[in-house]
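Peer 1: First the structure, then my questions, so here it is.
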Amino acid sequence: MDSQVAVALALSLVGGVSTSIGALFVIVNKAPSLKMLGLLQGFAAGLMLSISFFDLAHNALNSLGFLKGNLWFFAGVIFFAVVASFIPEPTLTPTSDVKGRKKNGDEGGKDIMKKHRRQVLFSGIVTAVGISLHNFPEGMAVFLGSLKGLRVGINLALAIALHNIPEGVAVALPVYFATQSKWQAFKLASLSGFAEPLGVIIVAYLFPSSLSPEILEGLLGSVGGVMAFLTLHEMLPLAFDYAGQKQSVKAVFLGMAFMSASLYFLSISLPEDLSL
């Protein structure tokens, strides 16, 4: 059993490192403009919504039934809506106001930009939490797949690795923009990826005896609700403000299509009796 856990940990680390690779794509370039940031935030929002609705919530509905699956999903929505009401947020100021004040030589423009950066940083942290929660069951899947054979485990780990690269971009981008620190962006994206090895450890030593599959699916459905709320509450307003509604909506659907294709190729790499 210990050797199987070691193999699964090594394979899950491949997925975790791929999140860091996504972060590298961000930090090797200059920090984006506000408009480009808005478009990329829209793309990241599409990734998050696809994971929430087409992966986590979808699996909860299939496993628990329509009523229970929805109850778990909306429990996550309500839970984080309550939590978010206690989190102070800087007021989002339209970018036109920032440009106008800069043109007029008003130093208040710098303060407004700081508020923008704080808002974007909050969005990046939220994305990192959501991606971490999504990566956790992927680590479980790698462990269960490796139990069926090394070939299954390797195929699954490689599929997850490709799937995690854009997730690393989604986490690192807002953090890099907000902090101007390549190290902070790389660190937070990498930490979100290492939720996968943690999933291996949890499922190997705790899951078999302490958590029923039904409760696990329900909790993952709630995670989907949390991610959907965070995306619509935090990421889309930023995208709309920075890039405009029409362009942002296009970016959202592009992100959803990209992640849906990624989830599809990930699913066909799994054996029939194993799913994320």
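Cβ from N, Cα, C; glycine included.
Nobody curates TrEMBL annotations by hand; they come from automatic prediction.
From TrEMBL, for reference:
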TRANSMEM  6-27  transmembrane segment
TRANSMEM  39-57  transmembrane segment
TRANSMEM  69-87  transmembrane segment
TRANSMEM  120-136  transmembrane segment
TRANSMEM  156-176  transmembrane segment
TRANSMEM  188-207  transmembrane segment
TRANSMEM  219-240  transmembrane segment
TRANSMEM  252-270  transmembrane segment
Peer 1: Report, as numbers and ranges, every residue of the chain located at least six residues beyond the transmembrane segment (188-207) whose Cβ falls under 8 Å of a Cβ in that stretch; write 'none' if there are none.
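Peer 2: Distant contacts of the transmembrane segment (188-207): 1, 4-5, 8-9, 12-13, 15-20, 22-23, 26, 124-125, 128-129, 131-133, 135-140, 142-144, 160, 164, 167-168, 171-172, 175, 216.
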Peer 1: Near the transmembrane segment (6-27), which residues from the same chain, at least 6 beyond its ends, have a CB less than 8 A from one of its CBs?
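Peer 2: Sequence-remote neighbours of the transmembrane segment (6-27) are 131, 135, 138-139, 142-143, 146-147, 150, 153-154, 156-158, 160-173, 176, 182, 185-186, 189-190, 192-197, 199-201, 204.
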Peer 1: Of the listed stretches (69-87, 156-176, 252-270), which one yields the highest count of Cβ-Cβ distances below 8 Å with the transmembrane segment (219-240)?
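Peer 2: Out of the listed stretches, 69-87 contacts the transmembrane segment (219-240) most.
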Peer 1: Check for me, if you would, whether the transmembrane segment (156-176) reaches the transmembrane segment (252-270) - at least 3 Cβ pairs under 8 Å, residues 6 or more apart in sequence.
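Peer 2: Taking Cβ pairs at least 6 residues apart, the transmembrane segment (252-270) and the transmembrane segment (156-176) are in contact, with 3 or more under 8 Å.
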